[in-house]
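Feature annotations, courtesy of TrEMBL:
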- HIS255: active site, proton acceptor (ACT_SITE)
- TYR25, ARG165, HIS255: glyoxylate binding site (BINDING)
- 78-80, SER107, GLN128, TYR130, THR156, LYS231, SER253, ARG258, 286-290, 309-310: FMN binding site (BINDING)
- 1-360: domain 'FMN hydroxy acid dehydrogenase' (DOMAIN)
Amino acid sequence: MEIITNVTEYEKLAKEKLPKMVYDYYASGAEDQWTLKENREAFSRILFRPRILIDVSHIDMTTNVLGFNISMPIMIAPSAMQKMAHPEGELATARAAASAGTIMTLSSWSTSSVEEVNSVGPGIRFFQLYVYKDRNIVRQLVKRAEMAGFKAIALTVDTPRLGRREADIKNRFTLPPHLVLKNFEALDLGTMDKTNDSGLASYVAGQVDRTLSWKDVKWLQTITSLPILVKGVVTAEDTRLAIEHGAAGIIVSNHGARQLDYVPATISCLEEVAREAKGRLPVFLDGGVRRGTDVFKALALGASGVFIGRPVLFSLAVDGEAGVRKVLQMLRDELELTMALSGCTSLREITRAHVITDGDRIGRSRL
């Protein structure tokens, strides 16, 4: 195999290796996929204002997330059904995250259970939660995550219905027959029916609670003492409501551009959310991060850290645990280099003054 020099190269290799249905499920976005492209392209419109003649012989990338010390502000986002990518699936991802000293978020719809993931050994792990119509299922799931040592709940709030993912409809996507949604296996909710469109869309329509509202964020706090991150916030208004309803943090996310098409890129929403948060709770970003430069830009615009999704899936498909380790290491190395070349020796030294956005350029042109 030729030397892989950046994160994006894994996608092409994964496409060659994975069945079409699986690759399309991981790679595609909703409808016209405008937001899918924009999640990447918006990063390219943010430019740097590097500072020079600063001693950058020592760079500190460590940070603290919800009281947990991690090696870098790059964490793993929840991605469903990872055993479609590699036989070890989420277990390989968990080991890679632990070895990198960072956080893994496990999807509700994982093909390894919370208990199995816990069994791989020590590590800081969050659990992503979809709220099912049957709240007893939610209670059980949250309790199991707590018992398995998970440290926070990432509540996905942008999926009352599944977005229209046309590749999944064409492929009649369903979970391969040798796999199950492990967290739901004992509840007879671990499999998907084959349908004439997307089996996942039918599963969501049958199980996920469309009535989910802010009162349920409060309800979750009555059934768990774990901190709750609200995943899927893209506006100042919802940032205010998240704070009012006791969220421990916000993840600015458009679900990897898989839900509502023509929403802005998450990096374009980040500053609005961070300004409204005013430091009252940490704000994180997921969506479109493929370079250490992207991580730096997110931190400069107010993020406390980023989560990566597709790069994990594609590297897992290509080279299992070693692939995920390499993706995390490449992003770490790129962030360290970007910090050095921008004159920043720690994360707290990365400021808004280090970047120029479209809005800045428009403002300057009016002067």
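Using the three backbone atoms N, Cα and C, a Cβ is placed for every residue, glycine included.
TrEMBL: automatically predicted annotations, no manual curation.
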Using the residues the record lists for glyoxylate (TYR25, ARG165, HIS255), what whole-number Å value is the largest Cα to Cα distance?
13
List the residues of the same chain that sit at least 6 positions away from SER107 (FMN binding site) in sequence and have their Cβ under 8 Å from its Cβ, in sequence order, or write 'none'.
PRO78, SER79, ALA80, MET81, GLN82, GLU90, GLN128
Using CB atoms and a 10 A radius, I'd like the single residue among the binding-site residues PRO78, GLY288, GLY309 with the highest neighbour count.
GLY288
Using Cα coordinates, what distance in whole Å links TYR25 (glyoxylate binding site) and GLY309 (FMN binding site)?
13
THR156 (FMN binding site) has how many other Cβ neighbours within 10 Å of its own Cβ?
22
How many Å lie between the Cα of GLY288 (FMN binding site) and the Cα of ARG165 (glyoxylate binding site)?
18
Here's one to test understanding: among the recorded positions THR156, HIS255, ARG258, GLY309, whose C-alpha is closest in space to the C-alpha of ARG165 (glyoxylate binding site)?
ARG258
